[in-house]
Amino acid sequence: MPVITNIQDLKRLHKRRTPKMFYDYAESGSWTEQTFRENTTDFEQIRLRQRVAIDMDNRTTKTTMIGHDVAMPVGLAPVGLTGMQSADGEIKAARAAEKFGVPFTLSTMSICSIEDVAEHTEKPFWFQVYTVRDDDYMTRLLDRAKAAKCSAIMITLDLQILGQRHKDLKNGLTAPPKFTLKSMADLATKWTWGIEMLQTKRRFFGNIVGHAKGVSDPADLAKWTSEAFDPSLNWDRVAELIKKWDGPVILKGILDVEDAKKAAAIGADAIIVSNHGGRQLDGALSSIRMLEQIVDAVGDKIEVHFDSGIRSGQDVLKAMALGAKGTYIGRAFVHGLGAMGEAGVTKALEVIHKELDYTMAFCGHRDINNVDKDILLVPKNFSGDWA
Ligand SMILES: Cc1cc2nc3c(=O)[nH]c(=O)nc-3n(C[C@H](O)[C@H](O)[C@H](O)COP(=O)(O)O)c2cc1C
């Protein structure tokens, strides 16, 4: 058993154990990947203030996200095809999250269906909604999430059309993989993954196949996205969906102050400052650069959450210090899942928790709820002087 001390260790194992097309699917951004890279490198520019001789006994990372108690302010972000990183991946990740005491968000583009995850978990989870043109499908999707007792929905606003990720096209990404000479050669070296995958029935998009009409190729994510997603989505439609759900709503994919103000005005419970992990608009600023100005603009009206670029508990602490009330990890938990299944997701959460807890202490705090910008050394003009 390898000694895992950080997320990078899990990432290396993920790469070794998972078919290339799925590892690449996770570890890529759109076009030149500038935004994907800067999401992490911009975190490195923020430094921490070391404080000493301050009582660091009895620390807590417990807080709330949209009124839900959490063991630390870190949810699992919705990630499509999670069930291709490891067989039954959504169920494994949801179980790890509920045992740890953090929220799990199921993607519309999951392999395990809403009902399946509900059946195999104890606590309610959150459901991420992509808006598609087919109204009946949308209504049924929300009804299914309600029936499965999902305790919040997360409407993703930054994917009306799919950003191009070169590797997915080159790898011919499908779920399950189609058998070509190239994919067979790769699968031959990932036999544990293959054996587990052969033992499960969950190999297609569980929320789509059998539920959506006119799916021309049930294995092709890019095709279904371009055929079904709603490029005409607007704020009226978002408001309609919020009304229809009639429960807690988080709006995901806000990266601009003007959009944050609109989101705050239509009655959502939280927004997520996010650029989809650098997978949509390449050339957009990193999420962490945008966080503070969005908090300044709407933080007193709506809960502001954060994702994109978190690879450590230190990153979580930096986002919290800049005003976020909660954060999410995407790739950090996917690396754990691809590396070691449910145990790997638990490991990812443990690593992040320890880094968060220790760093908070080194910065002179005992309670995550009291952390503020005072613990940070932020380069002058970090948010940028853009015209
Ligand atoms: C492989 C992958 C698949 C994703 N699928 C979805 C999805 O189905 N729905 C969604 O709203 N966001 C999706 N995202 C974006 C994540 O929810 C989250 O915003 C992003 O991963 C955060 O960046 P990080 O990976 O640097 O933590 C996906 C991200 C990745 C890496």
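Numbering starts at 1 and runs along the chain as displayed.
The backbone N, Cα and C atoms fix where each Cβ goes, glycine too.
Unlike curated records, TrEMBL annotations are generated automatically.
According to TrEMBL, the domain 'FMN hydroxy acid dehydrogenase' annotation covers 1-381.
Neighbour count (other Cβ atoms within 10 Å of the Cβ, all protein chains): 24 for ARG279 (glyoxylate binding site). Secondary structure at ARG279 (glyoxylate binding site), taken from DSSP and collapsed to helix, strand or coil, is coil. Positions annotated as glyoxylate binding site by TrEMBL: TYR25, ARG165, HIS276, ARG279.
When Cβ atoms from all protein chains are considered, those within 10 Å of SER308 (FMN binding site) total 35, not counting its own. As annotated by TrEMBL, FMN binding site applies to 78-80, SER107, GLN128, TYR130, THR156, LYS252, SER274, 307-311, 330-331.
Annotation source TrEMBL lists active site, proton acceptor at HIS276. Other Cβ atoms within 10 Å of the Cβ of HIS276 (glyoxylate binding site), summed over all protein chains shown, number 27.
Closest to ARG165 (glyoxylate binding site) by Cα-Cα distance, out of the binding-site residues GLY80, GLN128, SER274, SER308, is GLY80. Listed in sequence order, the residues SER28, GLY29, SER30, GLY163, ASP168, GLY277, GLY278, GLN280 complete the 8 Å Cβ shell around the glyoxylate site centroid, once TYR25, ARG165, HIS276, ARG279 themselves are left out.
Of all the binding-site residues in the list GLY80, GLN128, THR156, SER308, ILE310, the shortest Cα-Cα distance to ARG279 (glyoxylate binding site) is found for SER308. Each residue contributes its Cα atom, and for SER308 (FMN binding site) and HIS276 (glyoxylate binding site) these two points are 6 Å apart.
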